[in-house]
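Summarising the annotation, TrEMBL assigns signal peptide to 1-22. Under the heading active site, TrEMBL lists H411, D463, E472. Look at TrEMBL and you will find 534-614 tagged as domain 'Carbohydrate binding'.
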Amino acid sequence: MSSSTSTISVLLFLGLVQFAVSGHDYKQALSKSIIFFEAQRSGHLPPNQRVSWRSHSGLNDGKSSGVDLVGGYYDAGDNVKFGLPMAFTVTTMCWSIIEYGGQLESNGELGNAIDAVKWGTDYFIKAHPEPNVLYGEVGDGKSDHYCWQRPEEMTTDRRAYKIDRNNPGSDLAGETAAAMAAASIVFRRSDPSYSAELLRHAHELFEFADKYRGKYDSSITVAQKYYGSVSGYNDELLWAAAWLYQATNDKYYLDYLGKNGDSMGGTGWSMREFGWDVKYAGVQTLVAKILMQGKAGEHTAVFERYQEKAEQFMCSMLGKSTKNIQKTPGGLIFRQRWNNMQFVTSASFLAAVYSDYLSSSKRNLRCSQGNVSPSQLLDFSKSQVDYILGDNPRGTSYMVGYGHNYPRQVHHRGSSIVSYKVDQKFVTCRSGYATWYSRKASDPNVLTGALVGGPDAYDNFADNRDNYEQTEPTTYNNAPLLGVLARLISGPTGFDQRLPGVSPTPSPVIIKPAPIPKRKPTTPPAPASSLSPITISQEMTSSWINEGKVYYRYSTKLTNRSTKTLKNLKISITKLYGPIWGVTKTGNSYGFPSWMKSLPAGKSMEFVYIHSAAPANVLVSNYSLE
């Protein structure tokens, strides 16, 4: 070896050592990763939009079907709105906020993260116009992929596709139920009314998913080639039940997890991936949390089997299982060559939260190759994130805009074509390919925070726009990364998840909204559910101080979730110490207000009361359905 080569090698080595010592700016990466979601927005963009090169798009979505489907997210570098990955994106963003809301808030990103969630949930509310109807796709992948156009001027088919009773989609409805339930936790204290609305949709979507069973891609067949449901729908049903239990503490959902865990694969599948299609590892992690909280009750034995599978997943990531997850020579998890990074971020998130669950319950991870401390599990998450941000054989940051050596030719229509605000000259369907797609130059718009598909099994990566397997970003790559980055900002010390007990929520409040009343099905929960046709939700909508005493205004919503008209309603209200409006008192019970005689299917009624105590107890004591 020549002296000059030796000198270069020494300098390179010292540079790498210095880089490793200096570490990464997780706060900066967190901020950028959230900004990416603004680049993926569809619909009418708000005044505080930070990605300035984007503009309004998809403003007629749903119009041909007689429904407003404006909004939501484009999933990747195309202009289609796919419901299944969008819902998973929202669920995992919510999970990140629920676990690490404090870190997000202390770093000034909680508001941005919540806005990102709401952009999705506002769309899901529109997409769910009836209890048993859910729109699951806008646009068609085939026609969209034929064109290379900015979303602001796309000319491709914007047809809307839905599932319903006759064309079911339990996986799609289940994942959307999970997203709405998780989001209801996020908004519970900052916006109780919106939280209650999300929870109502979650209940309806879960019942729809469970009662009318089928794979969504058998109903929305145009999704098969792009987001086919390989795993089926049992994992989404368990996933939705787990999130509904987290949101409500309703024993019905706890029983659902306990009684269906074995038959639906929750306790049987030992996974080596977690993502938009396969949710089992996520379910197993959530159920293990319930077990460690001491809430499993009669289902303890079943939940221990869930936990065993969760821990097998964790052990396989660390190389301490009988079947370990494949890694590249540089140490990155590798599952597949097309957008492998989705599995890296989702697995890293599960490892981080499980590490904190273990720390909070003061126990180690039990692997077939020996026990592992919680800190080792968190170290693994850190190693994956550090690889993403540049600690890899190529020295490449796979997050666009982070570091100096990041992808410049991203497979993304919006970033690769000059901004509509800069040049409004129309880009035709095919000329976009000739002019912009094939252009061998950096993107005119930097897709800040986007996490691309990443390297192959040997750490190789080609920064070319036509290399869609490696250079295309997706929303579900970024969603779990929010939580991991927020967690890593706190450093290696144990993070208290308050086990046993309830996970912390992001922001303080004077008084908690009333819990959702527990339903008591007349028959034990089976694979097909039989939820109560009437639900009640309460929330505190305002408070004030008068002569030293705090008064609260409570709003109570009663919803007829059946397919029949509700009549002869009698409501029992106890522990009420103030005036009430919107119901008529008869004897010791309350009924419809004077202007109502019945409540049609799917409709709600609302009444309010004021007093200086916790919410009153409100129960339906009698009714008929005709």
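Here the Cβ of each residue, glycine as well, is placed from N, Cα and C on the backbone.
Each of the active-site residues D463, E472 was scored by how many other Cβ atoms lie within 10 Å of its Cβ, and the smallest score goes to D463. For H411 (active site) paired with E472 (active site), the C-alpha to C-alpha distance reads 5 Å. Between the C-alpha atoms of E472 (active site) and D463 (active site), the distance comes to 10 Å. Packing around H411 (active site) is summarised by its Cβ count: 24 other Cβ atoms lie within 10 angstroms of its Cβ, all protein chains included. Helix, strand and coil counts under DSSP for the domain 'Carbohydrate binding' (534-614) come to 0 helix, 51 strand, 30 coil.
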